[in-house]
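Asker: For 79-159, 160-268, 269-383, 384-488, 488-605, the entry in TrEMBL reads domain 'Cadherin'. Summarising the annotation, TrEMBL assigns signal peptide to 1-24. The transmembrane segment annotation in TrEMBL covers 615-636.
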Amino acid sequence: MRIATTSCLCPFLVCLCFVQRCYGTSHHSSIKVTKNQTKHIEGETEVHHRPKRGWVWNQFFVLEEHIGPDPQYVGKLHSNSDKGDGSVSYILTGEGAGTIFIINEITGDIHATKSLDREKKTHYVLHAQAIDRRTNKPLEPESEFIIKVQDINDNAPKFPDGPFIASVPEMSEVGTSVLQVTATDADDPTYGNSARVVYSILQGQPYFSVDPKTGVIRTALSNMDREAREQYSVVIQAKDMAGQVGGLSGSTTINITLTDVNDNPPKFPQKNYQLYVPESAQVGKAVGKIKANDDDIGINAEIKYSITNGDGVSVFAISTDKDTREGIISLKRQLNYEKKKSYTLHIEGANTHLDPRFLHLGPFKDTTTLKIIIGDVDEPPAFSIDSYVMNVSENARIGTEVGTVTAQDPDSASSAIRYFIDRSLHGDKYFNIDANTGAIKTAKKLDREEMPWHNISVIASEVDNPSLLSHVSVMVQVLDVNDNPPELASDGDVVVCENSRPGQVIQTIRAVDKDDFANGPRFHFSLTTDLPSNPNFTLKDNEDNTASIFARRRKFSRTTQDLYHLPIVISDGGEPNLSSTSTLTLRVCACEHNGKVRTCHAEAFLSSAGLSTGALIAILLCVIILLAIVVLFITLRRSKKEPLIISEEDVRENVVTYDDEGGGEEDTEAFDIIALRNPAAAEELKFRRDVRPEVQRVPRQSPPSVLDNVDVQEFIKQRLIEADLDTSVPPYDSLQTYAYEGHGSPAGSISSLDSATTHSEQDYTYLCDWGPEFQKLAELYGESDRTT
């Protein structure tokens, strides 16, 4: 079975649908259900046919916001199988069944128990079924139907984005669009006029209007002037039910601002202005202001000022202050009251941004006249030039005149001028100045090499008004005189390789001169003529302010002579020319084949035999060690003549010498080790027989009485402590032997008995990699290998 919602398939159903559509909204709906049966012919098998639709109805409707005391009747369900005997039971399931919608199981009447809101939920989907009470079996298949919530006008229009802010240019034409507002209504727009909104203006007339259908706000008055009124508040109302009586309404506010356009030209408040400027005003500084008024704002009120005419165009300038829109008058040249006492300027102020629509309101500029009166000021003296440059020779005598500075009083009453040097800046007092004439003279001896330039500041003041001062800078250049002889420019000793050849360039030398270039180069180099010809070196003047030192013989030896001194005469090209003799030191060094210096230190006398410094040091150490052994042996031999102890029982301090290595502790024939393990034999205090102590003797610490199991090492440590604390012994060393071998040595044997190589088998080429110290040794062994 299916539900027929929009069309009927048979005339009867068409009539039924028509009746339902006509009376469904105003009367209670009644739904008929027909029973479909399948016929069986006797003697034939059961044939299954498609059952006919038994549920036929349209949608149910229920009004929203029902506030009656009784539940609202929705409709009725009825099945053709229902004979009215109560054997059929109707069941309702789906959205809201049992809570919002209830059904009478016997009659099939449906009621709404709660007030519904269409804006929250527009329809409910439910399922109906007819069941036989006796068999509890469905009489019809379950069918679906819809209960729609019918709208009423219960929501007023709203402006969700309000209040609004808008703007429109001033002087706009009538009908210029300002803003469009849109109101929303939550009611059903497809049913009736509940959601049909029209717009009207409540406040803002006659300046603005609103389109009743679209909500577009437009200007309604021409030539609205921002300068007269800038802000407008417009209230727009939206009313549903197409604006009919009884409809709901909502409103919003739109704040409209008129934006500025350039419709006002600038105006000077006065046509004539007067300005006083003292003649002491500084060039480049502002001396006055002038302003034209403009009722516009922003860029429409920007003004550019200019001087269009007048006798002060070359003396004054005008610019615009962007913040205050004032014309700033500044000084281009220094004023002089004595030459000109007033100036007249014609100043124009014009807008920089014009609107072609309002050019007929112009012209957008204005002019005024400015008269500038110059004030007389007592001015300080003025020097003839801004700065002075003077020259003086460095050998000039004290009191020599260098130059003269001059200054005058620019005022009409010419006052006398006095000069003096500002010592606060230059306290060296190299120069003096005549207070009346301004003549500058030397006060000290000058030295160009010490200070080639002197910068002094001269002050001029009026005699009548000493507080008025003027400063001028005077640069004095000290001219050079050839008073410094040239000197040899040397960074250190010159190196001469031992393997140098005759004619080989040893070094290229140059000279320096403290004097100026005119009295310095060119330099001339030569050897002294007072000494005989040098057999080792010669000098050649390269005539380019350098000279070259050449070797005159082959090979030099550090052992024979490691330093050479070569006197060189240097003269300059000044007038008169000066010369000096400088001594060049040449050091003989051992060099590689490529000329790289290997060493410059003189080696010992055995260096000719090929022994390096390290080898010589090793030999000297061996000799010293042998001498120390011999001295020790002789000392021991002499000490045997006289016993060192008084008691013969204490055998631990005897020196017993054997010429064999012995067998350790097991060798009892060489020495009885038990004597060392018996500390009881040394309990008594013993005195040395070879010296008599002169001071009170400090008693020794008596060793503890220990049996023969005392370790020899602990015993030796105890004896060592006693020997250190004994102050009665003479101030020389004594030898004590305890025959304790210890626990062994981690070092290997240094004996050559186990060496399997011979001298002839040894390769000494690795000595070349040990550095320059072993170079000579490598050469000697290399030569011996070649000779063998």
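Including glycine, each Cβ sits where the backbone N, Cα and C put it.
Note that this is a predicted model, so its numbers are computed, not measured.
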Asker: Taking DSSP states H, G and I as helix and E and B as strand, how many residues of the domain 'Cadherin' (79-159) are helix, strand and coil?
Answerer: 0 helix, 35 strand, 46 coil
Asker: How many of the residues that make up the domain 'Cadherin' (488-605) does DSSP mark as helix, as strand and as coil?
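Answerer: Looking at the domain 'Cadherin' (488-605) with DSSP, the answer is 4 helix, 54 strand, 60 coil.
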Asker: Take every residue in the domain 'Cadherin' (79-159), average their pLDDT values, and give the whole-number result.
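Answerer: Computed over the domain 'Cadherin' (79-159), the mean pLDDT is 85 on the 0 to 100 scale.
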Asker: Count up the helix, strand and coil residues in the domain 'Cadherin' (269-383) according to DSSP, in that order.
Answerer: 10 helix, 54 strand, 51 coil
